[in-house]
């Protein structure tokens, strides 16, 4: 049985799980400055006993640990289930909360003096998450082979004084949060690096961690002055019965800046301003949690997510579509009593929040519907082909019966035979119609697959080009002009193929073909020759009518009219003449109707053809515009490449 799936199905509820960790005493503090311990840990009951008067306060959490717990044990309790859920398609968040100097960064990253190797025994939750994540991915690929593929991307940002900075891009200035229906809340312009193994993730983490803002205070030698968020986007694609099942998840590893008091840290100037910004964002975080607690109790409350960049970015982690684990770090010394009590109350409130995590799964909506429709029509066609026709059972007549019985039996047999032939012809027509529908849907499905494949290739080309330009701008590599031009030409080629395989064009072509066939049938059924025949017949009847009328006038106007025989009496009667008049009028109306139908049908066909031509012109203009964009992109890349080369030469000359 699959390890990950078995664990995820038996996972606990989606409420936020709290792990409380007590940091060891600081060895740098002298015996004279030693402060007594104000809390006790009861690991058996997962309780923290805070020594207060007149009675101690007891706080219970999901897990508690004293100062002697190992880093590996912390990750096993907090991180493993979250990583396993992320591999199966759930979003996950692990964040550390507590006052400055309580051990948050040590828990999440490890000892700062060994941050370059990430192989130290004391490495924290983030490096161990990388190792466990890629071990689970390797296990899944061993089980499913090439049917299941994974893609991992990561980003690293910090929130410093309510401004978002990309730690992977030192030139980034104040990125903005955006929100849409598909991606949710995201940071516009944030760099995402593709990682294939733990070493790649270590390199990204090292690069970003060196850019993070830290400073020394009296409480902490390397105090974090910003909130750091390391995000791993995991995408898995599995082929099951010809259908692609895509699951996406997001793992947020958050190291919050610690709350601090000015009298404890002795900060001033810039450090004091940073502390004020940190405390403000943590205060908003506390307000969000209290509002969510009230909401869970049935009260109507507004959730102030937007009051802080941190809470807006982690909105899904607090009451949303995410499995969340919080590591609450506290200091056991009596001098930190106030901040310790605040942290314990905060963690107890966060424990009451319930998230609503679901698997982020996509089965290619429209494509899947087409495939299901094709499968249903094929099954219907096979059932009609395999179903027997109506059973013909002629009545058996014995010789002793009279001749009328034989005649009845013969007529019944003929009737049944005619019904069977009619049913057979009808079923053949229905099968042919269904087969045409199946072929058309199959063609649309194939074009949709080609369109999606070409779109993915375009995205891959652009990602490679962007990555190469980024590396070139940082001086890691030099871009060759021929390679860049070749890549862009390949992208144009794929764009043309995408245009040819556009499902909308195929749909319009099918409609045009259908309209042409209808027009052809109408012209065949009611051709112009029939119209001309009706016109000639109408003219002939009109000529007869005029002759009869002339005969009548001559007969009535003649002086010997009483002696001559009337043509009406010798030839046609008044009733016959009226009948011819009605026939003439009916044929004239029929001719006018046919002419009007022909004009309407011709006008409809011309309008449809004009629409198709306009669509074709629009597509051609799109191709021309894309070629212009490509030329502009090539020119821009050429200018940037020359500028980078000049800058490189100037740097070499200066050195």
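Positions of Cβ are set from backbone N, Cα and C atoms, glycine also.
Summarising the annotation, TrEMBL assigns ATP binding site to 98, 99, 100, 101, 102, 103, 104, 105. Residues annotated as coiled coil in TrEMBL: 360-387, 577-611. According to TrEMBL, the domain 'Kinesin motor' annotation covers 15-353.
Positions of TrEMBL features highlighted on the structure.
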residue: 98; record: ATP binding site; Cβ neighbours (10 Å): 28
residue: 99; record: ATP binding site; Cβ neighbours (10 Å): 25
residue: 100; record: ATP binding site; Cβ neighbours (10 Å): 26
residue: 101; record: ATP binding site; Cβ neighbours (10 Å): 25
residue: 102; record: ATP binding site; Cβ neighbours (10 Å): 27
residue: 103; record: ATP binding site; Cβ neighbours (10 Å): 22
residue: 104; record: ATP binding site; Cβ neighbours (10 Å): 27
residue: 105; record: ATP binding site; Cβ neighbours (10 Å): 28
Confidence summary (mean pLDDT) of the coiled coil (577-611): 80
